[in-house]
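Reviewing the structure listed below.
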Ligand SMILES: [Fe+2]
Ligand SMILES: [Fe+2]
């Protein structure tokens, strides 16, 4: 049962939030890491969703959720790129070594980047506690952990996410959209994320004409 919220959820098309510029130094610090595995698409869209999720769950530590979402997949930049598709998406991809590696390297990058930008050790420890296991641990340990996990999934429901991820999994956009509905929506941990996912997927399927191109 996804975590309910009493707050009205914004399910309008996702967009940037230029007035929130406090993380700009963190973005600038991970330009190199953003070039792997479409992180320069995945991470900004996921952070935009993370910000909306924090609006829906005001008890969450929004800075923790936003910084952790921004950094969570940077570790892909340090794993063997040739294995990202072969091991990261094929077969039993949830248990592939490369998945554990990208989490560990992501923690390393957080520890390298954040101290110089004014984040203290206690905060960085909370960031790495969420990054470590974000793909491979089955359970969420906190509200912030849950919001990062949902933000990490929500970007896929956009037409942009479907375009990229369907290719990674070797599926047509229509097949991938069906998988999102049958497998990914049930994995979402918060009701706000479910509402956003359902609305975004309906828009993306209409735009991409998945009923005709299936
Ligand atoms: Fe990941
Ligand atoms: Fe991710």
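Using N, Cα and C of the backbone, Cβ positions are placed for all residues, glycine too.
Curation plays no part in TrEMBL annotations; they are all automatic predictions.
In the domain 'HD' (48-154), helix, strand and coil residues by DSSP number 75 helix, 0 strand, 32 coil. Per TrEMBL, domain 'HD' is recorded for 48-154.
Mean pLDDT across the domain 'HD' (48-154) comes to 93 in this model.
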